[in-house]
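Report on the structure given below.
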């Protein structure tokens, strides 16, 4: 430890000498600022290598990848589309606590705090090297981060040690009668405050610069803003006004881009431009090829409305949305490749390494499976897969909806497992028939006429009816909105003459194949939740 006298006194003497004691929060602050500097440097270095090499996001992605299924489902059911924000907050709190402990440990038992920061760096190295497509350079951000953290910690602790030594020396008769023993020397204390503030400001500035460079947002946004979508060769049928149920507060038939749910494993949204993008098609095919953006635009475009659903959607949940998609039929690309006998799975890969296994039969059976570039008349939002993603009616997203897709391999289910199927989810993932009650949202209502409204779905089969039950009464037919297509959801309403008291309202859907939504309850794992959505209202 650096001391003002140039001597190296006994550590216990230094720790317990009069004036030596520094409040624990100040000691903790040294660790927090040092780790902040480490994270900032790590982000900046990662900006010149790869987003996946960022220590913070590499560790976060590893947490997501290795979390048990129950934890993943708990996070989604608890936080919904804010699950990633919740993870960032938890990580931030944990890092702050550990960083504070590093500062305290470094002052009391050096160099324990520095050793802990080095361990942090090693964890970052391991997590970064474990990312898809990682190279040896992926370890550099974590290594530089560790070095910066140790240096910052030693500088700050050194200043506090020097302050304490100065104060200890002044326990001798003071040249300034107004100064009593145990008072920190003012210039040295100011030096700590200024140094700590400087390192903290530098950490914020460096981290912000790293995030800006890392995201590449300006380039991607400019590319998206400049894109003009081609006209579809096969436009979607017009949406009649009667496709909406016409009840105030009811879920609209078409979900706006800003309101569309987002569930994926990407802690950092991949930043691809149309110039960066290409799709490699290979595996069990007669003709391997690589498709460029220009190649994709040269193909006939199809526009369709398709309702997508997340397998993690609970009964009555909102992880579902309906949008107008523009893209190339995936079947046309498979026809060009020439799928060989025995290839029953399309193994698609995102630019961030996420993988998805889709039954080939769900692409070649003439459903409107699209390699999509547009959403509701606009280029895909970046967070929804820009520039290219998959949209396949009738399948949960984990087996169909690859965003930022860059690779197709034709293979078989007995030869490969995708991201979620390797974690215990089922291979095929057909969407289960379901329905929910959306309004009234208030549980306290006046007696009299109440208009209930909701939506129902059974993608690629279609909805024939919805029934509503009040308490234990009979099932009654609800009124359905106009049937747009089998691949979209169908809103409904029911007019209820509500009497005083507490009442439970339940709904169920009936498919065009005659299937009735089951009352048997099942969790989302491994192939989607089942059960009936109910709401309880107090009528007065």
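Any Cβ shown, glycine's included, is placed from N, Cα and C.
The transmembrane segment feature in TrEMBL is assigned to 28-49 (among others). Sequence-distant contacts of the transmembrane segment (28-49) (same chain, six or more residues past either end, CB-CB distance under 8 Å): 55-56, 95-96, 98-107, 113, 117, 120-121, 124, 137-138, 140-142, 144-150, 152-153, 156-157, 160, 196, 199-200, 202-207, 209-214.
If you look up TrEMBL, you'll see 85-105 (among others) marked as transmembrane segment.
Annotation source TrEMBL lists transmembrane segment at 112-130 (among others).
Residues or ranges marked as transmembrane segment by TrEMBL: 136-160 (among others).
Residues or ranges marked as transmembrane segment by TrEMBL: 192-214 (among others). The list of residues near the transmembrane segment (192-214) in space but at least 6 beyond its ends in sequence, with Cβ under 8 angstroms from a Cβ of it, reads 29-30, 33-34, 36-37, 39-48, 51, 54, 152, 155-156, 159-160, 163, 268.
Sequence annotations record features per position, and here TrEMBL assigns domain 'Oxidoreductase molybdopterin-binding' to 267-419.
Cβ atoms under 8 Å from those of the region 'Disordered' (518-540) belong to residues 69-70, 73, 311-317, 396, 424-426, 428-429, 431-432, 434-437, 440, 443-447, 450, 454, 498-508 of the same chain, restricted to positions at least 6 beyond its ends. Residues or ranges marked as region 'Disordered' by TrEMBL: 518-540.
The compositional bias 'Polar residues' annotation in TrEMBL covers 531-540.
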Seminar exercise, completed: Other same-chain positions with a Cβ less than 8 Å from the transmembrane segment (136-160) and lying at least 6 residues past its termini are 1-2, 22, 26-27, 30-31, 33-35, 37-43, 45-46, 49-50, 52-55, 58, 102-103, 106-107, 110, 113-114, 117-118, 120-125, 127-129, 188, 191-192, 195-196, 199
Seminar exercise, completed: Using DSSP three-state counts, the residues of the region 'Disordered' (518-540) come to 0 helix, 9 strand, 14 coil
Exercise. Excluding the flanking five residues on each side, which residues at least 6 beyond the ends of the transmembrane segment (112-130) place their CB within less than 8 Å of a CB in that stretch?
Worked result: 31, 34-35, 38, 42, 52-55, 58-59, 61-62, 98, 101-106, 136, 138-139, 141-143, 145-147, 149-150, 153-154, 157
